[in-house]
There are 4 protein chains.
Amino acid sequence: MPLTIADHTFSSRLFTGTGKYANHQQMIASILSSGSEMTTLSLRRMDLKSGTDNILKPLQKLGVKLLPNTSGARDAKEAIYAAQLAQEALETNWVKVEIHPDPRYLMPDPIETLKAVEELVRLGFVVMPYIHADPVLCKRLEEVGAQCVMPLGAPIGSNQGLASKPFLDIIIEQSNVPVIVDAGIGAPSHAAAALEAGADAVLVNTAMAVASHPETMGKAFKLAVEAGRMAYESGAGQVQHTAQASSPFTEFLKELS
Amino acid sequence: MPLTIADHTFSSRLFTGTGKYANHQQMIASILSSGSEMTTLSLRRMDLKSGTDNILKPLQKLGVKLLPNTSGARDAKEAIYAAQLAQEALETNWVKVEIHPDPRYLMPDPIETLKAVEELVRLGFVVMPYIHADPVLCKRLEEVGAQCVMPLGAPIGSNQGLASKPFLDIIIEQSNVPVIVDAGIGAPSHAAAALEAGADAVLVNTAMAVASHPETMGKAFKLAVEAGRMAYESGAGQVQHTAQASSPFTEFLKELS
Amino acid sequence: MPLTIADHTFSSRLFTGTGKYANHQQMIASILSSGSEMTTLSLRRMDLKSGTDNILKPLQKLGVKLLPNTSGARDAKEAIYAAQLAQEALETNWVKVEIHPDPRYLMPDPIETLKAVEELVRLGFVVMPYIHADPVLCKRLEEVGAQCVMPLGAPIGSNQGLASKPFLDIIIEQSNVPVIVDAGIGAPSHAAAALEAGADAVLVNTAMAVASHPETMGKAFKLAVEAGRMAYESGAGQVQHTAQASSPFTEFLKELS
Amino acid sequence: MPLTIADHTFSSRLFTGTGKYANHQQMIASILSSGSEMTTLSLRRMDLKSGTDNILKPLQKLGVKLLPNTSGARDAKEAIYAAQLAQEALETNWVKVEIHPDPRYLMPDPIETLKAVEELVRLGFVVMPYIHADPVLCKRLEEVGAQCVMPLGAPIGSNQGLASKPFLDIIIEQSNVPVIVDAGIGAPSHAAAALEAGADAVLVNTAMAVASHPETMGKAFKLAVEAGRMAYESGAGQVQHTAQASSPFTEFLKELS
């Protein structure tokens, strides 16, 4: 069963970002090798005036959906304004809401995020909020019309993986919209673990962008996400606390005699 | 760079087992979908007398190398005897040494394993010992001629993953022979994590065999192992403890004005 | 340096709860042996009408401050009402705000909690909010006048310990009010770890109440909390990744000769 | 029930070491504040010739048993020689066997350790071997007469805590001699966790010696070890995966009306 957000169906469950790459060529090559069908970008990286951005065109041509984000916004008002600018510039009503008043850890603001999502939904946006792995907040965002929730796995850029796992499990169990794990995914194994746990997708940026070979790392994430989803669909075994005894060798010796 | 053990080169870094499957068809289908090029089997599962075992033929025909193991052996003497029987029956001088006096947790015996490996090497075997994640024992096994070391990730059948990670890291750093993580790998994400950490391969059995859909799970492990190796070769980024501040939205607003 | 909340100074950094005990005697004995100077209780456990509650009197007589909580409240309105009832019944303006719309996991609601705290502060309460380990929410609660923040360590009653550790670290670093880790503390070692990390206190209930010997467990938590605080004040060493080589024995042999 | 090793009963379950302290005064003060009744020291720190060592006398006078260790020994022969020298110098037949051929990680050698223990027991020593957390090796050491086993929690000096937990659990379950967790204990919470899991004692050195205030840290470890043991004896509750629903506030409102 593929992943559907709003009216859009994705065959890849790996979303990507455009930040922190050494250069545009590397960014484009990595995203393509990852098989990602949607990549997020902050307003800063768009040439809003000329409309002839050499970043965006190659990606769009190759069928990668652009998802503007409101990174840098410190409150709902700034985020809504950013979404509207992006809508005009990129001709999309999709937006990833990121509101983080503190520039050090870039942790999302639950109050302003809910406010922004509610208003953006009212304005007709397809809204994908980046938030803390807070099960109640996720339900509330779903109730006001968020098309998915994007709880963090760990502090952004930390590469620590699924630090918020016990809370993600609750979110996944309760959610009626897709759950996309965002932030903290530092290795393909983390991405696979998120999918194995039932997350619908992951968003990866730093781990690909800062790898020594981003293009190969993009491919690694592609495979890991597919592996994690397959494992989820195959019904993984449970953790056990004693070995299952297999017949001892002596039995074999008896059989032989 | 492919994985080489003794004179044999493997393009897959996933080794498998033949135990615990519901039936032979499922076992064969899973191993094939996993892309594994070597699978281990205990003597009990071989028809040593007739030589017309319907388990082994299909696998061998399809190019999967059979690796007899000494599972059930309680000391070096039993293991050596088992290896010799297997050599005759399967016409192979490869053997995975497993010696576990305790039937409950099937934990390997370091003393008897070293003894068996030393003797089997002297007898011309290609020896792959299953052992605790003990860095000094690994060096000693290497010194007496083991062709690889197979430290456990977690108690066998526990599906707990890389519980022994801090010790595996030391083993990987110090080893001059391939390091194959065996036991405990309960999900594709665990396998990917082992490869990301620099392990040369993993051996997976229970997690595939007890999945609701073993064939799909085999494919999932195949992809995860490839992903983990690619990530290792791509040079993954380091864990960081603060977010890398990106330019705030206000800067963007300034740029616009 | 002792812990001060509002105008009250505590020499114990262990707060307790009154729920889930087998009987009143056990509850009282455990709280006393724990050295806790404040215990929280839900309205349900108070005899609001008679005022002659045999639970409360023994505790108050022995100098344990009672902290009413709003457990069971599903929104800010219910929490405020509960706080006011408690104020009248217990003659205290202290309140622990707990708002959890979902009865299954009892996860706190960030939006309604902020709303309730703001209003209760305005009404003159000393407000201690139980919340998710969300760094931005903690700052906002501090800004509206919460006297401390009570982020959860793990899902309530789960005994899983400091699952939210990476986020608690950020909260502790940023907070100007005491940080009290609440929920998830399942063993004295968890409590010690919270204090070692710089938390100002912990609140423990389930782990004491469901122990086979709650009174001894109370004492265990008392010691663990003291140990954790002492370790914090002693400046613990850092995690290292290689052993510090000590002089080899051969050197000693040389010295001898 | 106190801890007994050979014919000696200890009321403290915290053993200590004498290395890495800034000076003797600090070392002595820390050990005393920790309540430890036995401390280990390597031959290098003893004045074997004069017999008037100013390190040893104060400790012995204060009732702290000295446990010579064979740190630096690279094989059984060196360890046995070191034990015999120590026996003469310190007039004790107790010895902690440490054999680590690799000076970088100081990981113990299972083969040489077993050999040394067997011979030292034969020679009448009370032998306490420092080893990997290897359940089978522990059984073998017990069988040849080790008076206890001292499995490592994590690589020595790493302060990483109970990295070997799944294996320690098996060792504790199976052992007929005391299990003393050695190496890796980096904080009082780690020590408490070891005792909670059923370890009979811990040995702590680095974490105390490198603290900014070793004497306070010694006290912290004392309390943590007591807390962990009490918790073990109190029967800690189990990890649960959903909250235990308490009656909702609405019920209370009904009760009131």
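Start at 1 and count along the chain as shown; that gives each residue its number.
Yeah, the Cβs are placed from backbone N, Cα and C, and that goes for glycine too.
No curator has checked TrEMBL annotations; they are predicted automatically.
Checking the candidates D:Gly145, D:Gly157, D:Gly228, D:Gly235 against TrEMBL: the one annotated together with D:Ala183, D:Gly184, D:Asn205, D:Thr206 at the 1-deoxy-D-xylulose 5-phosphate site is D:Gly157. D:Ala183 (1-deoxy-D-xylulose 5-phosphate binding site) counts 32 other C-beta atoms within 10 Å of its own C-beta, drawing on all protein chains shown. When the C-beta distance to chain B is held to under 8 angstroms, none of the recorded positions D:Lys96, D:Gly157, D:Ala183 remains. Taking the C-alpha positions, the distance from D:Thr206 (1-deoxy-D-xylulose 5-phosphate binding site) to D:Lys96 (active site, schiff-base intermediate with DXP) comes to 17 Å. Mean predicted confidence for the domain 'Thiazole synthase ThiG' (D:4-248): the pLDDT average there is 90. Proximity to chain C (Cβ-Cβ distance under 8 Å) holds for the following recorded positions out of D:Lys96, D:Gly157, D:Ala183, D:Gly184: D:Gly157. All chains included, 26 other C-beta atoms sit within 10 angstroms of the C-beta of D:Gly157 (1-deoxy-D-xylulose 5-phosphate binding site). The Cβ of D:Thr206 (1-deoxy-D-xylulose 5-phosphate binding site) has 22 other Cβ atoms within 10 Å, all protein chains considered. Summarising the 1-deoxy-D-xylulose 5-phosphate site geometry, the residues cited as binding it (D:Gly157, D:Ala183, D:Gly184, D:Asn205, D:Thr206) extend over a maximum Cα to Cα distance of 9 Å. Each of the recorded positions D:Lys96, D:Gly184, D:Asn205 was scored by the number of other CB atoms within 10 A of its CB, and the lowest score belongs to D:Asn205. Geometry remark: D:Gly184 (1-deoxy-D-xylulose 5-phosphate binding site) versus D:Lys96 (active site, schiff-base intermediate with DXP), CA distance 17 Å.
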